[in-house]
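Pulled these from TrEMBL:
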DOMAIN    A:214-316  domain 'Glutathione synthase substrate-binding'
BINDING   A:229  substrate binding site
BINDING   A:319, A:378-387, A:410-413, A:438  ATP binding site
BINDING   A:382  Mg(2+) binding site
């Protein structure tokens, strides 16, 4: 991006952005306060990414979507990928058991997924690689922030339009022959993530084929991210004006919904039928804080309702599956086009597990010992502890009590550092902060 | 309006409306908290007014605008109207003195006014009257809520569209031959108040003819009504994309602005010229809490900047002027068309002052004594105390220490009582509240 010249003082831009955030719903609720909101932390200016890299990860997303849908529907692969984790991770094991108990009499063939594929630009990536973007994780449940990122994108455009000298905004189409950003034009990628998520939900609603049915968001108790969810709510309402959308916690659902004799998910009192269950909860063990919630998850899974996601689609998003896909010939078993395989593989950071029977086991340990700063160890368990870096890796390797097989090693990504202003509530802003960026590409199937 | 049938529970409608309020900027800041907002109190459903009455007050607004502009520009009338108040009201006296000291070398012939004319429907109004709408007050400074009422109107439409059975919204044009609201159609008046206010400001900006100049909002310290002001800010920015708009308190301005050698109002540091001064402060004595603020007001008044409003336009909005206009032959001196005079007069509630030389003085006192419940006594001073009702009027009349000449008597308006849900922050809502309505028609000259 070219150098920019501010027409206003930075303080004025910050004040402008805060007022804009309040008037356009870039907000979250304040903890422990009723009906009070504050803006979500945001950067004052957008982050840059070359159009070429953006288009690369954008263009492979459809293949990624298909890949993960196939994985979720492939018993055999899911089982192989998860078999090392199920014995050590009660959370994955319970989801797996729900999957097993529901799969024989699965009522609902329609699968709805809203994914978010997260990447970082890796300055250390081999120049011969097709891309320098490296996948961080692939989210298959509760892919948040489609709503707020769209709003932040509008804020960034407003800041550029008004506060920067001689700056013209260009909304760019992907894969077109447009010019790079220049001194006078700044290209903004159009962000339609929330509209596309709503379209996917509307399509599933249409396929369910009961115009009297309602949509259910399963949310967390004391949910604070209400404007992000509200933006999706509004976008769905635009697509399906007459649908009623309920926002309920698991605990509320325990008392309020049940299966009817036709296996439809219904509210007990009103008998309203639920066609779509969209989860914004249930992705970490803490959300299942008592047995009734596990039972509720199972009830929903057994029902005719279209789940976003199903239990098996959620399982496909496990970290261990991400590692499993890096193994030889796995991608090829799902994707016949070798160019597509190559492209997807080019986004993988090198990863390995610690299976003592693996031929590379000793080589991998040696790698870690010699270059601990180049790796990050991630617990295989979902929501199961913190990542381990650098010298802490050496300590972990020397600790006889640690089960190395509980970890996945991933080559550390070194993103470029840029400068930005970080705006936080309560007047806490950092005018000249060093920031690194992660980008999420949304996809639906 | 026809009876409505809710598709959702009232609690669900309330939850929906709160989320909508957060995501669409129906907010104000929380006192004594930094960067925290909550929604402004609102009714869950719109209030009804017959299309005929609405069109009546809408159609006479242009004449009202012209009338008040003429009053503000008529020395003689202003002086006559205000002469009873100036000796007893230091606030009005100081404004009057600024007016006198500036009028001889007035630099800026362009006058910009954004008015709000407030009415109530009077159930006691004579059936032979052209309208049952009675004017409460005519605001000539800081006419607030053009922004928020537009947003509330959108909220009400969303509630009707989604939560009410078989309800179709119809945005209606005024003075058209459209049908009344019926079982299946609900007519909503289009609310463009904030866009029209912005257009007036943009027109004044164009006439000032300096595209490098900026616009100044004079705001209160710790202003909480930021989303209302923000909506006007955004609307101006849409009209004039390259203009910089500053929001400053009087106290900040004391240090930051001055007149240059050409009598232009400029920021001391940046030398930026201010073309428009839009007041959202300065309408009550408390806002002038030290002498430097009075001096600043005078500096602005002397400058070439276009003031919204000028001091004389602010003075035209005094309560005593409202009473003055009810006197015989005053309206006629401004308006030649007798039909227009009749229409405007038909919106006046009967009023009188307590001038002992007035031929009706004794009759008026007798009226008050016999029917105190039919009147309200308003202090003539601006921002100068509370209105007096019913039995308190009798007490006031018998109190020898009270200067009756400090009051205006106005026949009490008896608005219809309707039911609505009042939504307030912190979970304080009234599901079945008795409400009375006041309606404001905005106008600009």
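Cβ atoms here come from the backbone N, Cα and C positions, even for glycine.
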Would you please pick out, from the binding-site residues A:229, A:387, the one with the fewest other Cβ atoms within 10 Å of its Cβ?
A:387
Roughly how many Å separate the Cα of residue A:319 (ATP binding site) from that of residue A:382 (Mg(2+) binding site), to the nearest whole number?
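Between the alpha carbons of residue A:319 (ATP binding site) and residue A:382 (Mg(2+) binding site) there are 7 Å.
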Distance check, please: Cα of residue A:381 (ATP binding site) against Cα of the residue listed as 'substrate binding site', rounded to an integer number of angstrom.
27
What are the DSSP helix/strand/coil residue counts across the domain 'Glutathione synthase substrate-binding' (A:214-316)?
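Output for the domain 'Glutathione synthase substrate-binding' (A:214-316) reads 42 helix, 27 strand, 34 coil.
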I want to verify one value. Collapsing DSSP to three states, which class is residue A:319 (ATP binding site)?
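Going by the DSSP assignment, residue A:319 (ATP binding site) falls within a helical segment, counted as helix.
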Measuring Cα to Cα, how far is residue A:382 (Mg(2+) binding site) from residue A:413 (ATP binding site) in Å?
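Given the Cα positions, residue A:382 (Mg(2+) binding site) is 21 Å from residue A:413 (ATP binding site).
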Taking DSSP three-state, what's residue A:379 (ATP binding site) in: helix, strand or coil?
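The three-state answer is strand.
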Reduce the DSSP letter at residue A:387 (ATP binding site) to three states and note it down.
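Reduced to three states, the DSSP call for residue A:387 (ATP binding site) is coil.
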Give me the CA-CA distance between residue A:229 (substrate binding site) and residue A:411 (ATP binding site), in Å, as a whole number.
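Cα-Cα distance, residue A:229 (substrate binding site) to residue A:411 (ATP binding site): 34 Å.
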Using DSSP with the three-state reduction, classify residue A:411 (ATP binding site) as helix, strand or coil.
strand
Applying a 10 Å Cβ distance cut-off over all chains shown, what neighbour count does residue A:379 (ATP binding site) have?
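Excluding its own Cβ, residue A:379 (ATP binding site) sees 18 Cβ atoms within 10 Å.
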Mind giving me a neighbour count for residue A:381 (ATP binding site)? Other Cβ atoms within 10 Å of its Cβ, every protein chain shown.
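For residue A:381 (ATP binding site), the count of other Cβ atoms within 10 Å is 19.
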